[in-house]
Ligand SMILES: Nc1ncnc2c1ncn2[C@@H]1O[C@H](COP(=O)(O)OP(=O)(O)OP(=O)(O)O)[C@@H](O)[C@H]1O
Ligand code: SF4
Ligand SMILES: [Mg+2]
């Protein structure tokens, strides 16, 4: 589609550890359209955060992007030099993190941090930068934004801090924001307020989001599209309603069966039978095979990501098709 | 804040009182100064007169209270040797020691902090490992040995710098100082460097540890995600976070550097308080020793107090806790 802003193609990010190469992200592809929200779900360790860091080229050693393209508004980020990539960060693509206690520098005033973020890309006076910072805080629904500029992070509640982080990410109106479980640490009512705010911002400003989460309830209420990750690969992706109404991949179906009840929302997904495989010792072929009730001999070969109806599925025996 | 301040001052006073008793007892225990003061051939009568004159025949506790009474009036007594008020004697030597210690701390910070930040910023680089080796040397090589080596190399062999003494000084606000003239510089640079070594090692380690921790924090990742230049990430976010331990150590170490300049002053024949105290110990010049030790205690207590108060200025979280 023509309004795709971010297209990740066959992304590979590997960690070169003493005990061998960990393929944390191994051929991930997805795309996000303007103003749309893509939910990226999967168990702990499936490579969601590493995917996010890779898009911003912020993977720490010993990790390294070893393959693939990250096309953002027509530019392949993976091919940019360091300074060109820096210019993209914050301006065209930004990121927010899970723990609102840790993402803001505890010893710098909110205003100082925001002014630094503005001046990273625009040559403006501090006075003007502060005005823009104040407006950005107001935009994400922070009361008395002018006073907040002089506050330190510990003066604010967790929800307020995460709003500040979102405001900072929005300062330069980037095309895409990667959100790495930003509401997981917050309580449910604050979380739903922030989700509503994000939905409004995406619609009004046309910002696209990649929303990383464990929580399928968040996906169903927030995301237009969903991509399910398992052991460094996308196993199923498509429109949220389609995927959640008719999961095709046995792993997606397992995730849905283990959705926590309303009372436990935000809790980690209950484990599907068996445990997440260690990246160092993946089975050959389909990584989900040891846990999969539908597995057969052919699953010893890696299934391709193939279209079934409107969704893409990486499985030899997708649900809804007869098992041979 | 005021409550905190009063509490800290009160603690400080108690420390000074206890220390003054210990110092008095300790110095009393090391021998009878009369033997040093007078001609061994003097008659018993002269001895008795002198003992009575100095009050050495009184009970110890009475001597202590007389001493404290005098001290509270600013009178630390007269030097047995120089026959001048002890306080005048110490204060006349203080600028030399102060300048030396300040020079040493300056050298240690100007070299140590940037090196430490670099070592924390690029922990795997060869240069960083070399820096850490340097810091271990700074820690573990004995000051007197390095001092002698410096004299041998730069004064005796190369004739670049004088081997000792203070050289010419110029008065600023009535205080004689070396750093004003190039000739003064040539005298102070070697002893200051010698005295700096330990703190150099310390500041390198401290700056490195703080930088390492900050570099892996979420707020640094977040700052990078906003497109901040690396110089800004380090210069703003990292530096502000490592400032607290550095200021603490700077303050505390400045005290010990002043107090323990003794070795360096002796090697370089630097006419400071350290040299004075060594000379006084040789001849059991009791008033000088007592006054010196008590002034050192006072100094440490005051520095501790200032550092504690500075903490609050630097770290807004601590300020908030104290206000509560
Ligand atoms: N610094 C690192 N060194 C070595 N391996 C790493 C490192 N960071 C991540 N990995 C590997 O990458 C895998 C994926 O990690 P990632 O943080 O992306 O998972 P995640 O899906 O975000 O999980 P979670 O839901 O717990 O945040 C991990 O299982 C780990 O093996
Ligand atoms: S490919 Fe085979 S093992 Fe893998 S999910 Fe599909 S059925 Fe299960
Ligand atoms: Mg994660």
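Any Cβ shown, glycine's included, is placed from N, Cα and C.
A quick note: this is a predicted structure, and the numbers were derived from the prediction, not measured.
As annotated by TrEMBL, domain 'ABC transmembrane type-1' applies to B:94-311.
Long-range contacts of the transmembrane segment (B:12-31) within the same chain: residues 60, 63-64, 67-68, 71, 284, 286, 289-290, 293-294, 297-298, 301-302, 304-305, each at least 6 residues beyond the stretch ends and with a Cβ under 8 Å from a Cβ of the stretch. Residues annotated as transmembrane segment in TrEMBL: B:12-31 (among others).
Remote same-chain residues near the transmembrane segment (B:100-121) are listed as 127-128, 131-132, 134-135, 179, 188-189, 191-196, 199-212, 214-215, 234, 238-239, 242, 246, 250, 253-254, 257-258, 261, 264-265, 270, 272 (criterion: CB distance under 8 Å, separation of at least six residues from the stretch ends). Per TrEMBL, transmembrane segment is recorded for B:100-121 (among others).
The transmembrane segment annotation in TrEMBL covers B:133-156 (among others).
For B:185-207 (among others), the entry in TrEMBL reads transmembrane segment.
For the transmembrane segment (B:242-263), same-chain residues at least 6 beyond its ends with a Cβ under 8 Å from one of its own Cβ atoms are 97-98, 100-102, 104-105, 109, 113, 117, 143-144, 147, 195, 199, 202-203, 206-207, 210-211, 214, 270, 272-275, 277-278, 296, 299-300, 303-304, 306-307, 310-311, 314-315. Positions annotated as transmembrane segment by TrEMBL: B:242-263 (among others).
As annotated by TrEMBL, transmembrane segment applies to B:289-314 (among others).
Listed as Cβ neighbours of the transmembrane segment (B:185-207) (distance under 8 Å, sequence separation of 6 or more from its ends, same chain) are residues 99-101, 103-109, 111-117, 119-120, 131-132, 134-139, 141, 143, 146-147, 150-151, 154-155, 161-162, 165-167, 178-179, 242, 245-246, 249-250, 253, 257, 261, 264-265, 267-268, 270.
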